[in-house]
There are 2 protein chains.
Amino acid sequence: MGKTAEIEFTWPKGFYSDGLHSGLRKKRLDLGWFFSEVPASAAGVYTTNKFCAAPTALTKKTIALKQQLQGIVVNSAIANSCTGAQGQQDALTEQLLMAKKLEVKPELIGVASTGVIGETLPMEKIKNGINKLQKTQNAKITEAILTTDTHPKTISIQFEQAGKLCTMSGFCKGSGMIHPKMATMLGFVVTDAKVSGSMLQEMLSNEVETTFNQITVDGDTSTNDMVVTLANGQALGQQIPELIKDTEDYQVFKEVYHQVLSQLAQEIARDGEGATKLVEANVLGAKTKVDAQQVAKAIVGSSLVKTAVFGGDANWGRIIAAIGITAADINVDTVDIYFDDIPVVTQSLGTAFSEEKVAEALSKDKVTITVDLHNGDKKGQAWGCDLTYKYVQINASYRS
Amino acid sequence: MGKTAEIEFTWPKGFYSDGLHSGLRKKRLDLGWFFSEVPASAAGVYTTNKFCAAPTALTKKTIALKQQLQGIVVNSAIANSCTGAQGQQDALTEQLLMAKKLEVKPELIGVASTGVIGETLPMEKIKNGINKLQKTQNAKITEAILTTDTHPKTISIQFEQAGKLCTMSGFCKGSGMIHPKMATMLGFVVTDAKVSGSMLQEMLSNEVETTFNQITVDGDTSTNDMVVTLANGQALGQQIPELIKDTEDYQVFKEVYHQVLSQLAQEIARDGEGATKLVEANVLGAKTKVDAQQVAKAIVGSSLVKTAVFGGDANWGRIIAAIGITAADINVDTVDIYFDDIPVVTQSLGTAFSEEKVAEALSKDKVTITVDLHNGDKKGQAWGCDLTYKYVQINASYRS
């Protein structure tokens, strides 16, 4: 990667934001917005759950119009999902309120909601809240979108395009109901680089396959998932061409984009409901990339692997069982498994290992499971978390 | 159904069995056998996990030879899975030891193991154990096959074939790593009715689709799963024709068989690791039966639904999310959901309900969730259990 540097979270040039407590939650921030001072190229990926929530459907439709967007209003606490015609109307009202306040066309405003399914938004509170939102550059929105998350998940990277310093910043939320099929929960990435909407969409659709689509917390896919990216070109300062495919700038942008999405996705897995550890599965030697990713995701998705990691138990039989039930092309005699770099299975047979060293590997904040299928040369990764008492506690009483 | 009656567990005519403590486990029974005095028609369904364990593979191969079997030796504690050539040899040795003791051909003996993956069997203990097994009619084998199960799971039904009183008895084990794709864990059904091996196989393969394949505890599929049925014809006492398709006797046998498999499957779900409740999902109004079964299984398989049931929380949004992510044909505007007979969702929208009454429905030993898709006339069911602190506790320390 070229000259890039991760920095403290900051808004790229020409982006503004704010967040506040509107009364949807008891105390915590619950409403926010962010927007570009000019229309930005926009791309999005959305839940494949058939019960797509009203705000998600509206944002999808809006971005599809011209692959442009200027801003997004987001609330937590209530998902505005399974709310019928009322829910659709409420999402449209939010879009109109923000458009009116910013004096831009409603077709340039997206809407996102997250929280409990089946409740309608208290529109008076939303209306008052939007009225109070300011044009600032604070990071309050990264808090306002959280639900059971324990902390905001953000990243900012600086890089160059056309010789100018650009910034790409992303933030997301997500902790439960995480098993994305196209995208997960809410993820937002903004940049002042200049990229066409169609190129941005192509890159996003590709990159989510190896990032957001490769995490899982509990195997459940939300109705409100979306990852949206806005690129406003404001770093460049003058009329220069948009990013051109396969140039050096393109490569840099692509790698920065991948890093942003990958890091945000891992942050979600690490902060999975009740989690104490991030679990990374690295799969090597697969016949196809799809096989590798599928096997990696099966490992981090297994309840039995997740509880074994929580208990610090080197129960590799559960990893074998998870691998064996995927549709991937497997040679059942050639599988190696490692915890960190300690081999526990060689050629599909258990191998003697130091229980002490493996226990140490399993007690780390990040547990790394590597599987070499010895069946090809393709690789894949996935991220999940351990399954703990606290996961049960959180979810036995979420709504009530 | 004709004149049938459920009775205390008993062995059908001509079946014998025994179980004992051979030293694989600390104290509990861990080895058993059962056999028919004459060769019986046999049928089996087996795990689809690619890492099929040695005993499972051997039994599959053995039954495939002539669709006949006379007996099976079973151990718990060690699964003899991922044990390579040594494991295959050990399974063959078990087969030979039992065949020799009963003075029958090895091709008439099946082998089953369940327990930890990756450890080899201590063959001295197995050998001594098989030497001590007797020709009795006790039910000790129903205990000897258990692992984390809290109690034996058995059923016996009496019915008539060719005017003679027959018995069908089944027993099974399974508590974790339960998410069968073709069969689950260990399930055995024996009957003194007279049925050809091919007919038995056809019925078993059909019946597991709506019984054992419709349960889930944790979404993980074991390497050792099998359901095997033996029919020895000994109730009939003389040379009479085998069961003929589409006769009245055939219907009775099929219904008894379904009841046996369905009840055993539900017992596994009810006794899921750490479970406090059986969860039954009934799906109506689906376009196809596959759709109905898929939706039902998605509901009982969702970690979030399972924790909500544990917490007694009427969080129907999680049911909607689970339904929406299946491949089933869904009309997103016509879904009704009930807890017991209390409607909580009508036409895909939340409807007012008495929290008190729903809390009562959710506090029962058996929680019933009914979903009417209003999209056709096909039905399906699935069974699972709640996800509890105890599940995490059991599985954070299973191997260690």
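Numbers here mean position along the shown chain, with the first residue as 1.
Here the Cβ of each residue, glycine as well, is placed from N, Cα and C on the backbone.
Feature annotations, reproduced from TrEMBL:
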- B:T147, B:K173, B:T184, B:E273, B:N395, B:S400: substrate binding site (BINDING)
- B:T184: active site, nucleophile (ACT_SITE)
(request) Return the binding-site residues from the list B:T147, B:K173, B:E273, B:N395 for which some CB of chain A is under 8 Å from the residue's own CB; sequence order; 'none' if the set is empty. (result) B:N395
(request) Tell me, if you would, which residue among B:T147, B:N395 (binding-site residues) has the fewest other CB atoms within 10 Å in the structure shown? (result) B:T147
(message) I want to verify one value. Collapsing DSSP to three states, which class is B:K173 (substrate binding site)?
(response) strand
(message) Around the C-beta of B:K173 (substrate binding site), how many further C-beta atoms are within 10 angstroms, looking at every protein chain?
(response) 27
(request) State the three-class DSSP label for B:T147 (substrate binding site), counting H, G and I as helix, E and B as strand, and everything else as coil. (result) coil
(request) Look up B:N395 (substrate binding site) in the DSSP assignment and reduce it to helix, strand or coil. (result) helix
(request) Identify, in sequence order, the residues in the chain of B:E273 (substrate binding site) that are 6 or more apart from it along the sequence and have a CB within less than 8 Å of its CB; answer 'none' if there are none. (result) B:T148, B:S175, B:G176, B:V217, B:D218, B:K390, B:Y391, B:I394, B:N395
